[in-house]
Amino acid sequence: MIMGRKDKRWVLQRKKDFYYNLAKKQKYRSRATFKLFQLNEKFRFMKEGDIVVDLGCAPGGWLQAAREIVGEKGFVVGVDLQSVKPLPYDNVKTIKGDMTKEETIQKIREILYPAKPTVVISDASPNISGVWDVDHARSIELTTIALKIATKLLKEGGNFAVKVFQGDMFMDYVSLVEKYFEKVYPTKPRASRKESAEVYVVGKGYTGKPWEEEEPVKEEKVEEKIETEELLAKKIKEMRKLKTNKN
Ligand SMILES: C[S@@+](CC[C@H](N)C(=O)[O-])C[C@H]1O[C@@H](n2cnc3c(N)ncnc32)[C@H](O)[C@@H]1O
């Protein structure tokens, strides 16, 4: 494969990146591993013995961090569209599957049965188009699904942490998380690049409130497959209209 100028610049930048190099040195699978450690250092949503579900877990950096935190007595289940190279622990399992599909959630339940997770984390990223609005809308859609899964799986009192791409629906998303968790913190860990659109939302203390279908993403829309940018643009418009009607 021939590298373009942009690709070369990206490779050079990565070589100079502190967390990229640290991850390589410490044998973590991604620089994102440090984001989870830093988030947990600050908000303490994961501890020894916890049962953790990691949505969008490949290549497995967050799985490694979660396993380190929960230790031998805990358990970690990861889900990703991609296969994940197995980690050398009996208490880390992965599922190759789509987190937006009910059958995948059912597989998580089966692996954990009769226990329920105490923590749900998600670093899932939608396909990046490079168009800010489109990526933001896709991210809100995916993070709303992650929140919905958290309400369906978590034990009461459980915790949630999720990556979101910033945009004008971000504060609505934070309000949505606030409906289900006692305390909610929007945050950006040090290891997240300043120029990156990503931010994180931590929800502590799941209230046990069952999921309610509502804006910005309704169930039938989530299920709907986005085939074209045109359809997605229409969808963003609808989501904005719902938001305006709400205000
Ligand atoms: C940034 S990576 C996660 C990195 C991971 N936290 C780590 O530290 O190694 C985002 C992942 O989300 C996954 N993803 C995106 N949409 C998904 C979906 N619908 N179901 C499952 N995984 C998904 C992608 O395949 C990708 O591997």
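Cβ coordinates are placed from backbone N, Cα and C, and glycine is handled just like the others.
Keep in mind that TrEMBL annotations are predicted by a computer and have not been checked by a curator.
Taken from TrEMBL, the feature active site, proton acceptor applies to Lys163. The S-adenosyl-L-methionine binding site annotation in TrEMBL covers Gly60, Trp62, Asp80, Asp98, Asp123. Taken from TrEMBL, the feature domain 'Ribosomal RNA methyltransferase FtsJ' applies to 28-206.
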Assigned conformation of the residue listed as 'active site, proton acceptor' - DSSP reduced to three states: strand
Integer Cα-Cα distance in angstrom, Asp98 (S-adenosyl-L-methionine binding site) to the residue listed as 'active site, proton acceptor': 17
Which of Asp80, Asp98, Asp123, all binding-site residues, has a Cβ with the fewest other Cβ atoms inside 10 Å: Asp98
Coarse DSSP state, helix versus strand versus coil, of Asp123 (S-adenosyl-L-methionine binding site): coil
Spatial neighbours of Trp62 (S-adenosyl-L-methionine binding site) that are distant in sequence (at least 6 apart) but have CB under 8 A: Ser30, Ala32, Thr33, Leu36, Asp54, Gly78, Ile121, Asp123
Whole-number mean of pLDDT values that fall within the domain 'Ribosomal RNA methyltransferase FtsJ' (28-206): 97
Cα-to-Cα gap, Asp80 (S-adenosyl-L-methionine binding site) vs Lys163 (active site, proton acceptor), nearest whole Å: 15
Site extent for S-adenosyl-L-methionine, whole Å (max Cα pair distance, Gly60, Trp62, Asp80, Asp98, Asp123): 18
Gly60 (S-adenosyl-L-methionine binding site) in three-state DSSP notation: coil
Cα distance (Å, whole number) from the residue listed as 'active site, proton acceptor' to Gly60 (S-adenosyl-L-methionine binding site): 15
